[in-house]
Amino acid sequence: MAFELPDLPYDYEALQPYMSKETLEYHHDKHHNAYVTTGNKLIDGTGLEGKPLEEVVKESYGSNPGLFNQVGQHYNHLHFWNWMKPNGGGSSLPGKLAERVDADLGGFDKFREAFINAGTTQFGSGWAWLALRDGKFEVMKTPNGENPLVHGATPLLGCDVWEHSYYIDYRNARPKYLEAWFDNLVNWDYVLELYEKAA
Ligand SMILES: [Fe+2]
């Protein structure tokens, strides 16, 4: 089955004032849509058609960079829409997440700082991540469409730090975007869901 662009799980206005309607319209309707349509074109004839997305992401990494860029970004954005919700963020994480954050990352404040720092210091386009590796939480950053899947870990939370994700609302202030995103938009229930699936 061909890749498909999902609807956003909320209205285009739902994440204001932290992420505008205009940003979501461009980001979802134009950018994510382009990853889907170009991915569907480039996968044709590779033998990967119809395979699960995660498998296509892992198999194209390194072997077919043109395809990987599209399917990696399709995977990342599918989750990105769900990693946000209106009235998200906050420091009271679900218990199972808080336990690992305390044990592996030195507590919530250090986790928040490390995540924002990862996104801020990612040179050029890319992503900041909370990932699960060998049962432990890890903060990572990746360039372009890469994600923890192709580095031996499972993505649990990712923030898009491509300019298309923040330039309309924050201009060049990427750290401000990351802070607002982390404090007001993160859907911790979805992070928990992914953790429970992976653990
Ligand atoms: Fe994006």
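Cβ atoms are placed via backbone N, Cα and C, with glycine included.
Bear in mind that TrEMBL entries carry predicted annotations, made automatically and left uncurated.
The shown structure was predicted, so the numbers you read here are calculated from the model rather than taken from an experiment.
Copied from TrEMBL, the annotated features are:
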BINDING   His27, His77, Asp160, His164  Mn(2+) binding site
DOMAIN    3-84  domain 'Manganese/iron superoxide dismutase N-terminal'
DOMAIN    95-191  domain 'Manganese/iron superoxide dismutase C-terminal'
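Locations of recorded TrEMBL features on the structure.
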residue : record              : CB count, 10 Å
His27   : Mn(2+) binding site : 23
His77   : Mn(2+) binding site : 24
Asp160  : Mn(2+) binding site : 23
His164  : Mn(2+) binding site : 14
Going by DSSP, give the three-state secondary structure for Asp160 (Mn(2+) binding site). strand
For the recorded Mn(2+) site, whose residues are His27, His77, Asp160, His164, find every other residue on that chain with a C-beta no more than 8 angstroms from the centre of their C-beta atoms, and list them by sequence position. His28, His31, His32, Phe80, Trp162, Ser165
Under DSSP, is His77 (Mn(2+) binding site) helix, strand or coil? helix
Summarise the domain 'Manganese/iron superoxide dismutase C-terminal' (95-191) by DSSP state, stating how many residues are helix, strand and coil. 52 helix, 24 strand, 21 coil
Mean pLDDT across the domain 'Manganese/iron superoxide dismutase C-terminal' (95-191), rounded to an integer, is what? 98
